[in-house]
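Enquirer: I grabbed these lines from TrEMBL:
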TRANSMEM  14-34  transmembrane segment
TRANSMEM  160-179  transmembrane segment
TRANSMEM  199-217  transmembrane segment
TRANSMEM  229-251  transmembrane segment
TRANSMEM  257-283  transmembrane segment
TRANSMEM  325-345  transmembrane segment
TRANSMEM  376-396  transmembrane segment
C-alpha cells in the first residue's frame, strides 16, 4: 500500500505540478480574459445584479431581458438556483482546509496567487457556463442537460476528437463525483462530528446517505430549492464569524495584507512552526489550491448552469462567473486573513509539528474568537460545506452517467452514491484524497482544450449579445 501511495503521489505531483495542469489552467483563464476583453472586470456589477434577480426578470428576452417569464424560456431552475447549486459543490472543505494547506506549505504569499487564479478563473467560469447553455439539450424527462460532456463534441469539426474529449470528461467526472464530491467530503463530516461532538461515524454515514438520497430523488429542482435556501445561510454564517475575528484584529490587517503581497514574489523564510517556502512553491500551491477551491476551468459548474431557465447563454455565463468571485475573493479571503492576522500560520501542535488543514483554521479561529471557542465555528462550517458539496457533485455525476449510459442508469448511480457516502464516513481514506486530486486534473484537461478551441465562438457571440442588450452595454 505504501508503494501504491508513493506512485499515486508521484502522478499527482506531475498532474498538478508547475509544468502541466497549473500553467494550462492559469493560461486558459488568461487567454479567455484577453479574448473577452476583461469581461469579468467590466461586467462584475451587472453580473452580481443578475445573480440576485427574481426568476422572470433574470430569464429575460433575447434582446434586453424585459419580457416576463413564459413557456418559451427553456430551463428547470432559476439563474439564482443554478448559481447556488454550483456554489454548493464548490464551497466545500477546500475553503477551510485547502486554504490552510496552501498557507501551511506556501506561506501567506500563496493567498495572492489564489486571488489571481480566481480573478482569471472567472473568465473560464463564464465561458463554461456560456457553452453549457449554448449547446444544452433536453433529456428523456424533458429536463435540460448540458455541460462539457455535451459541448465538447461541438468545439471541433473533427468528430472523433470532440467525442473523445466529451467521453473523457464524463468518465473522469463520474469518478471525481465519487471521490472529490463524496468519499472525501463524507469522511471530513464524520471525522469532524466525531472529534467535536462525539457522534459515531456509522450514525453520520446512515443519516447523511439517507438525507442525500431524499434530496436527489427530487432531481435538479429539489437540489435547487435546498441549495438556494441552504447555501446563502451557510456562507453568511461563516463569513460573519470571520468578520468578527477580523474586526477584533483591525490593526493587524494592513500588516497581514502587506505580508501576503510581499511574500507572493519572494517566498517566505522559516519562522515559528513554518518551515519556509520558495517563490515557485508559493505560486504552485497558491494556484493549485485556488483552482481546487473555485473549480474554474474544471467544467463541473457548467452542468448546473445548463439547467438555468434562460434564453441567453451570455446572461447565465455572467451569473456563473460570480460563483468564483464569491468562493475565492470572499470566502477564501476570510479564511486566509483569519489565519494570517492571528499568526496561526506559524503555530505548532503539542508535538511541535506545524499545523495544517482544518486544525490550522480551527486554531486561527480559536486565537481570534472571543472565549477561544472558534473551533466550533470551523467544525460546524466544515460539516455544512462538505454536505453541500456532496449534493452538488451528486447532480454532476448523475448528468454524466445519463450522458454515457442513459436515464435508467441514474437510479443505479444514486444507490452507489449513497453507499459510497456511508463507506466514506466509516473508513480511512489516504488513497482516496490522492486519487481525487488526480481525477480532478484529468477531468479538467479535456474541458480546457475545448474552451481554447471554442474561444473564438465565445468571444464573438458575447460581443454580439452585449451590443444588443442596452443595460449590459451601458454598464461599466
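Each residue, glycine too, has its Cβ placed from N, Cα and C.
TrEMBL annotations: computationally assigned, not manually curated.
Each of these features: where is it, how hidden is it, and who are its neighbours?
Expert: Within its own chain, the transmembrane segment (160-179) is flanked in space by residues 148-154, 299-300, 393-394, 396-397, 400-401, 403-404, 413, 416-417, 420, 432, 435-436, 439-440, 442-443, 445-447, 449-450, which lie at least six positions past its ends and keep a Cβ under 8 Å from the stretch.
Here the transmembrane segment (199-217) has Cβ contacts under 8 Å with residues 186, 189-191, 193, 223, 226, 387, 390-391, 394-395, 398, 414, 417-419, 421-426 of the same chain, all six or more residues outside its ends.
Under 8 Å from some Cβ of the transmembrane segment (229-251) lie the Cβ atoms of residues 84, 87-88, 91, 326, 330-331, 334-335, 337-338, 341-342, 364-365, 368-370, 374, 377, 381, 384-385, 388, all in the same chain and six or more residues away from its ends.
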Enquirer: Under an 8 Å Cβ to Cβ limit, what residues of the same chain, 6 or more beyond the ends of the transmembrane segment (325-345), are close to it?
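Expert: Counting only partners 6 or more residues beyond its ends, the transmembrane segment (325-345) has Cβ contacts under 8 Å with 40, 44, 48, 87, 90-91, 95-96, 99-100, 103-104, 107-108, 111, 114-115, 117-119, 121-122, 235, 238-239, 242-243, 245-246, 249, 252-253, 256, 259-260, 272, 274, 290, 293-294, 355, 360-361, 363-365, 367-368.
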